[in-house]
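Asker: Please find one structure pasted underneath; my questions will follow.
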Amino acid sequence: MATHKLLLLPGDGIGTEIMAEVEKIIDFLGSQDSSVTFEVERDLVGGAAYDAHGEAITDAAMAKADAADAVIFGAVGGQKWDDVPYEHRPEAGLLRLRKDLDLFANLRPAICYPALADASSLKRSLVEGLDILIVRELTGGTYFGEPKEIVDLADGEQRGVDTTVYTTREIDRVVRVALDLAKVRTNKLHMAAKWNVMKTGVLWQKVTTATHKAYAPDVELNLILADNCAMQLIRNPRQFDVIVTDNLFGDILSDEAAMMTGSLGMLPSASLGAPDGSTGRRKALYEPVHGSAPDISGQGLANPIAMIASFAMALRYSFGMGQQADAIEQAIAKVLDSGLRTADIMQDGKTKVGTEQMGTAILQELQATLS
Ligand code: NAD
Ligand code: IPM
Ligand code: MN
């Protein structure tokens with residue numbers, strides 16, 4: 001009997017709406033398979049935690065996250081907290097989870113479901129069959145480098161400083177993850193950096209080349225300048241399979257890749273730590289790539305697919321439940337084939353539904369497959 005400990009952190013805005021749809025799936029899987037139990041805890045994060053406790057995540061919630069087998073995260077942020085001190089911004093809760101749990105490898109798959117080939121802002125001929133995986137380094141670079149500050153200058157001017165820092169070890173470990181993933185896909189890896197301008201870029205180029213040679217020389221490795229990569233993703237996205245890149249470029253390239261799938265509401269992610277030497281267990285957090293979508297929150301309009309697909313990634317990467325993960329992804333594909341669409345992926349002639357109807361339809365499809 002396997003017991004999987006989940007910590008659900010819905011967060012703010014549409015985070016709570018999409019999490020409700022995942023909870024239905026958790027309940028179903030727990031009731032359907034007697035050999036699996038999900039032990040579910042919940043807590044606040046982001047603006048909701050700030051309102052209740054004055055900080056974007058409490059030590060108590062961090063302790064729960066540390067003890068969990070997987071954290072399932074909705075989204076944080078919103079205008080309401082625009083003026084709170086920087087260190088208490090809703091986003092600080094997410095950044096602390098990533099950093100303190102050492103979740104350095106962020107997997108962001110962008111898959112264009114067949115039914116959505118015409119929903120992308122790119123032509124069908126470019127996105128049909130698209131299946132790429134961005135591996136974003138998540139605990140280093142510009143997000144966490146010191147100093148990070150706004151300095152008052154003598155003449156009333158201010159200077160904002162962010163620092164981009166990477167060590168050999170930080171690059172090597174995420175490149176290995178990307179090489180491992182490339183091996184089980186099409187054996188092709190792109191590494192995007194700016195070694196023509198940035199010192200960290202020079203190190204990314206050097207370490208990636210060395211790690212590739214020592215660890216997986218059979219994988220086809222392509223080094224690409226990050227700006228060219230952004231352009232090539234729009235020009236011909238299917239030339240890519242796995243792309244490994246730093247924290248900031250990965251953030252931007254993954255939002256770009258999202259639009260090839262039809263909507264930001266389609267992109268899930270897994271943030272993984274290193275496997276423990278003795279147990280093989282790795283810390284993990286699963287979240288959609290999108291944010292709290294203040295413009296549509298509270299209206300039941302959000303697309304829950306990125307959130308549900310993030311839970312499928314949890315089943316696959318944390319619980320060895322690949323079959324159930326596949327079943328969830330197939331249920332999503334079938335529901336899209338049947339013509340249901342949330343507003344963000346709406347197309348002529350299709351049936352517009354809200355968050356709850358979309359979640360229920362996916363659950364029913366899953367029930368039909370697994371029962
Ligand atoms: P966003 O991702 O929240 O929204 C961008 C656009 O995409 C909006 O028009 C929104 O309506 C749409 N969208 C996003 N997710 C959707 C979904 N599931 N279904 C339908 N439409 C969807 O980005 P933003 O507006 O730049 O940021 C809003 C807030 O979210 C900010 O505070 C930002 O810091 C935060 N944010 C949080 C996360 C996170 O929690 N992981 C990620 C990105 C942004
Ligand atoms: C993401 C988000 C976050 C990031 C924010 C909310 C901290 O945009 O997960 O892509 O910039 O990493
Ligand atoms: Mn982002």
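Glycine is no exception: its Cβ is also placed from the backbone N, Cα and C atoms.
Annotations per TrEMBL:
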DOMAIN    5-362  domain 'Isopropylmalate dehydrogenase-like'
BINDING   ARG98, ARG108, ARG136, ASP227  substrate binding site
SITE      TYR143  site 'Important for catalysis'
SITE      LYS194  site 'Important for catalysis'
BINDING   ASP227, ASP251, ASP255  Mg(2+) binding site
BINDING   GLY291, SER292, ALA293, PRO294, ASP295, ILE296, SER297, GLY298, GLN299, GLY300, LEU301, ALA302, ASN303  NAD(+) binding site
Asker: Work through the binding-site residues one by one (ASP255, GLY291, ALA293, GLN299, LEU301) and name whichever has its CA nearest to the CA of ARG98 (substrate binding site).
Answerer: GLY291
Asker: Tell me, roughly as an integer, the mean pLDDT over the domain 'Isopropylmalate dehydrogenase-like' (5-362).
Answerer: 97
Asker: How big is the Cα-to-Cα gap, in Å, between ASP295 (NAD(+) binding site) and TYR143 (site 'Important for catalysis')?
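Answerer: Spelling it out, the Cα of ASP295 (NAD(+) binding site) and the Cα of TYR143 (site 'Important for catalysis') are 26 Å apart.
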Asker: Return the residue, from the listed binding-site residues ALA293, LEU301, with the maximum count of other C-beta atoms within 10 angstroms of its C-beta.
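Answerer: In terms of Cβ crowding, the pick is ALA293.
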Asker: According to DSSP, which of helix, strand or coil covers ASP295 (NAD(+) binding site)?
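Answerer: The residue in question, ASP295 (NAD(+) binding site), is coil (DSSP, three-state).
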Asker: With the cut-off set at 10 Å between Cβ atoms, which of these recorded positions ends up with the most neighbours? Options: ARG98, ARG136, LYS194.
Answerer: ARG136
Asker: According to DSSP, which kind of secondary structure is ASP255 (Mg(2+) binding site) found in, if we only use helix, strand and coil?
Answerer: helix
Asker: When the Cβ positions of the recorded positions ARG108, ARG136, TYR143, ASP227, ASN303 are compared with the atoms of ligand 1, which fall under 6 Å?
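Answerer: From ARG108, ARG136, TYR143, ASP227, ASN303, counting a Cβ under 6 Å from ligand 1 as near, the near ones are ASN303.
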Asker: Could you state the CA-to-CA distance between ASP255 (Mg(2+) binding site) and LEU301 (NAD(+) binding site) to the nearest Å?
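Answerer: The Cα atom of ASP255 (Mg(2+) binding site) is 20 Å away from the Cα atom of LEU301 (NAD(+) binding site).
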